[in-house]
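Q: Have a look at this one before I ask anything.
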Amino acid sequence: MADDLDFETGDAGASATFPMQCSALRKNGFVVLKGRPCKIVEMSTSKTGKHGHAKVHLVGIDIFTGKKYEDICPSTHNMDVPNIKRNDFQLIGIQDGYLSLLQDSGEVREDLRLPEGDLGKEIEQKYDCGEEILITVLSAMTEEAAVAIKAMAK
């Protein structure tokens, strides 16, 4: 019975987001804006008006696409904050635009797409030169993407 439970993944059925009061959010923190996980790049608060609450104006950049999103909410309301995980995997191959990554468990993942743009070119270039590199993978709200690379410690 206990053999079919998987505790390795670490989320244990946890929600992809958790609530946080608007006034507790901070710049460089994370928040869900328009259904997308974003990093807060700008935040301003307006004073309490004649009717209602103080408002918080949030500007965030999507952590996967880089698109800019804005939202305004009362400071007392709750906003969703994405659960974000960063993992480093060793790059062992690139095939058909997908990365082959070695996990800590020894298993190989081949479901992550090579990022587009400069990062993708840099990964290919270092791989072609035979450098051993680690790929930093960011995962939030059922999405995953390679966001950074670093040389492996010898």
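Placement of Cβ uses the backbone N, Cα and C atoms for every residue, glycine included.
According to Swiss-Prot, the protein has these features:
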- Ala2: N-acetylalanine (MOD_RES)
- 20-90: region 'Interaction with DOHH' (REGION)
- Lys47: N6-acetyllysine (MOD_RES)
- Lys50: hypusine (MOD_RES)
- Lys121: N6-acetyllysine (MOD_RES)
Q: Let me make sure I understand the structure: which of the modified residues listed (Lys47, Lys121) has the fewest other Cβ atoms within 10 A of its Cβ?
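A: If we count Cβ atoms within 10 Å for the modified residues Lys47, Lys121, the smallest count is at Lys47.
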Q: Just to verify a number: CA distance, Lys47 (N6-acetyllysine) to Lys121 (N6-acetyllysine), in angstrom, no decimals.
A: 47
Q: Within 10 Å of the Cβ of Lys50 (hypusine), how many other Cβ atoms are there?
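A: Around Lys50 (hypusine), other Cβ atoms within 10 Å: 4.
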Q: Taking all residues of the region 'Interaction with DOHH' (20-90) together, what is their mean pLDDT?
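A: Computed over the region 'Interaction with DOHH' (20-90), the mean pLDDT is 91 on the 0 to 100 scale.
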Q: As a quick check of your reading of DSSP, tell me how many residues in the region 'Interaction with DOHH' (20-90) are helical, how many are strand and how many are coil.
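A: Tallied per class, the region 'Interaction with DOHH' (20-90) gives 3 helix, 44 strand, 24 coil.
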